[in-house]
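Colleague: Before I ask anything, let me first share the structure, which is written out below as structure tokens.
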Amino acid sequence: MLSHMLKAKLHMAKVTQAELWYDGSCAIDADLVALAGMREFEQIDIYNVSNGERFHTYIILAEPGSGTISMNGAAARKVAVGDRVIIATYGHFTEAELLNHKPKLVYLNENNGVERTSNAIPMQVA
């Protein structure tokens, strides 16, 4: 049996563009895509921390080092420039693969620069 698990996420990315009439998808700085171990055309879930919207789309590459996070096509209606979003990818893993699986977590600053990376989320306590 396969388990559907978090593979990677870009945490608190800042939306830099929203292009309604561009081909649909989410353009992400190619350096951030590579650092997170994501891939061009991979399906992503986007969680808009600023307004609560949650939706699916896929990755297209934006200029490396640009800090670009651009929601395009229908996704542009789900965000405003400046919104903070979490961009997540998931994968299917066997029980054997899960023994060593750790997600790649990339935490971003206000300018979509890398603050830090991790492979664990601290346990939430009351």
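From the backbone N, Cα and C atoms, a Cβ is placed for every residue, glycine too.
Because the structure is a prediction, the values reported are computed rather than measured.
Pasting the relevant annotations from Swiss-Prot:
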ACT_SITE  S25  active site, schiff-base intermediate with substrate
MOD_RES   S25  pyruvic acid (Ser)
BINDING   T57, G73, A74, A75  substrate binding site
ACT_SITE  Y58  active site, proton donor
Colleague: Starting from the Cβ of the residue listed as 'active site, schiff-base intermediate with substrate', draw a 10 Å sphere and report how many other Cβ atoms land inside it.
Modeller: 20
Colleague: Can you list, in sequence order, the residues of the same chain other than T57, G73, A74, A75 whose CB lies within 8 Å of the CB centroid of the substrate site?
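Modeller: Not counting the recorded site residues, we get G24, S25, C26, F55, M71, N72, A76, R77, K78.
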Colleague: Could you give the Cα-Cα distance between the residue listed as 'active site, proton donor' and S25 (active site, schiff-base intermediate with substrate), in whole Å?
Modeller: 5
Colleague: In whole Å, how far is S25 (active site, schiff-base intermediate with substrate) from A74 (substrate binding site) when you measure between their Cα atoms?
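Modeller: Counting only the Cα atoms, the answer is 8 Å.
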Colleague: Can you check which residues sit near T57 (substrate binding site), meaning Cβ under 8 Å from its Cβ, same chain, 6 or more apart in sequence, and list them in order?
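Modeller: Counting only residues 6 or more apart in sequence, the Cβ neighbours of T57 (substrate binding site) under 8 Å are G24, S25, C26, Q43, I44, I46, M71, G73, A75.
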Colleague: Would you mind pulling the longest C-alpha to C-alpha span across T57, G73, A74, A75, which the record has binding substrate, in angstrom?
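Modeller: It comes out at 10 Å between the most distant Cα atoms.
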Colleague: With a 10 Å radius around each C-beta, find which of these recorded positions (Y58, G73, A74, A75) has the fewest other C-beta atoms nearby.
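Modeller: Looking at the recorded positions Y58, G73, A74, A75, the Cβ with the fewest others within 10 Å is that of A74.
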